[in-house]
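K.L.:
Submitted below is the structure of interest, expressed as structure tokens.
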Amino acid sequence: MSPRGAAARQAAKAQDRGWAWMVLLDAVLLQGLTLGFPSCIGVFFTDLQHEFQASNSETSWFPSIMVAVLHAGGPICSILVKQFGCRFVVMLGGVLSGVGMVSSSFCKSISQLYLTAGLITGLGSCFSFQAGLTVLGYYFVRWQTLANAIASTGVSLGFTLWPLLSQYLLDEMGWRNTFLIFGGILLNCCVCGAIMRPVELASGSPLQSLKPAEEPGRREEEAQLSNGTSPHPELQQQTRKTACFQMLQQYLAFDIFCQNKGYQIYTIGVTWMMMGFALPHIYLVPYAIQNGVDERKAALLISVIGLINIFIRPLTGLLSGHSAFTGRRIYLFSLAALLCGLSNFICVISAEFSMLIVYCVILSIAISGIGALTFQVLMDVVEMDRFSSALGLFTILESITLLIGPPLTGLLVDITRDFHYVFYNSSFFLISAALFMALSFCALEKKAKLKEASKVPLGNASEPQSESQSPPAVVYVTSI
């Protein structure tokens, strides 16, 4: 057997078995430490307002920056992964997250929190989360849908444990000492990174040692320099422009966005949806406290969302992995977004603790569908070898709306003194995004079917279709 064939066989053995499941457990912990962490910020919302005499809008910038940077750092993470490997990037993210939260415990103003907890911790969480998600896509093929769903339960664990731990530490030690302890907890991302072994690809080259593509024109310039001649200035400028364009295309997937209608619709829909998605997570606790709910019970609301997520997300992954939903997961995702938007009206009707528990249960079921399917649908609409770059553009665009959504809503609450607008805004963006994605993909499928039908020869048009012939599984993955 050739060396390349032996490497391919070895790579196949590493997938869906053995150490892959240890990496999956690692991914669960990583997502709990990173994506689950912002869920506890609402617990500190009132204390930070009193400490720094800040408005709702000013205080909400802090979690907004953290979540936005967590998503927007995708392209930087992709570059680092290709250059240094997933193990290094995850550990680097752990260091940044820990340093950010330790620094936050010494902040003297709310604006300093924007830099430490918002930017530094958010960027560190981004590196750890996205590098862990990327390596998971190479370890699992057959069980990829289930693996993504199980990994996303880490977010549910984070949603359950972070608020409870935060409220306990806040009562015992205050928010500064709590942030200091959080810095130590987030350093455990470094341990998670150490567990990740280099992945041997079928080509025989480890994923951890993959390097960026060689810059266009570099060989020509080196040849000219070796001959004692300097490249022409216009050629140098053209080379730099070409290299810059190819790097943007490699890490931000503008070519996929322009050519692949499925990716285009999904990215726009999720970006619009994120304007309202994060609002309940940030404002639910202060909303409950304002309406007379005890602080401990208010923190419990977020934990209820996370606890239900632990059980619902794997079921969602198993359901969406069924062959009946192949190519149709986008409709499950849209249904989950629609339910998430409709559930917000419960908070408008009543702010009693029992009604808020009902709201959290329904919201948790909807969030389970969104969380389990977000990246799986993205893997459906783009090829795996372009997933990292497609994820980069996807996360940058959604981070913009994640950044501006909560502060704008906070400003509206400051003006009107009415927290109901939080849930009105959230419902509007979620429901409209769900309808846009579902109707657009339905139209896209019909267009693809008409295109396929037009290619059938006239002589075979009257022949009945074979019963064994099945419709195309995913009609929106290809570029149109």
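Each Cβ is built from the backbone N, Cα and C atoms, and glycine gets one as well.
Automatic prediction, not curation, is the source of TrEMBL annotations.
Dumping what TrEMBL says about this protein:
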type	residues	note
DOMAIN	20-450	domain 'Major facilitator superfamily (MFS) profile'
TRANSMEM	21-45	transmembrane segment
TRANSMEM	61-81	transmembrane segment
TRANSMEM	88-106	transmembrane segment
TRANSMEM	112-139	transmembrane segment
TRANSMEM	146-165	transmembrane segment
TRANSMEM	177-196	transmembrane segment
COMPBIAS	212-222	compositional bias 'Basic and acidic residues'
COMPBIAS	224-234	compositional bias 'Polar residues'
TRANSMEM	265-286	transmembrane segment
TRANSMEM	298-318	transmembrane segment
TRANSMEM	330-350	transmembrane segment
TRANSMEM	356-378	transmembrane segment
TRANSMEM	390-409	transmembrane segment
TRANSMEM	421-444	transmembrane segment
K.L.:
When you check the transmembrane segment (265-286) against the transmembrane segment (21-45), do you get at least 3 Cβ pairs under 8 Å, counting only pairs 6 or more apart in sequence?
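P.N.:
Yes, the transmembrane segment (265-286) and the transmembrane segment (21-45) are in contact.
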K.L.:
Quick check for me: are there 3+ Cβ pairs below 8 Å between the transmembrane segment (356-378) and the transmembrane segment (298-318), leaving out pairs under 6 residues apart?
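P.N.:
In contact, yes.
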K.L.:
Taking all residues of the domain 'Major facilitator superfamily (MFS) profile' (20-450) together, what is their mean pLDDT?
P.N.:
83
K.L.:
Should anything in the same chain at least six residues away from the transmembrane segment (421-444) have a Cβ under 8 Å from its Cβ atoms, list it; otherwise answer none.
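P.N.:
Distant Cβ neighbours of the transmembrane segment (421-444) are 261-262, 265-266, 268-270, 272-277, 279-280, 283, 287, 330-331, 333-335, 337-338, 340-342, 344-345, 347-348, 405, 409, 412-413, 475-476, 480.
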K.L.:
Counting Cβ pairs closer than 8 Å, which of 21-45, 61-81, 146-165, 177-196, 330-350 has the most of them with the transmembrane segment (390-409)?
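P.N.:
Checked against 21-45, 61-81, 146-165, 177-196, 330-350; highest Cβ contact count belongs to 61-81.
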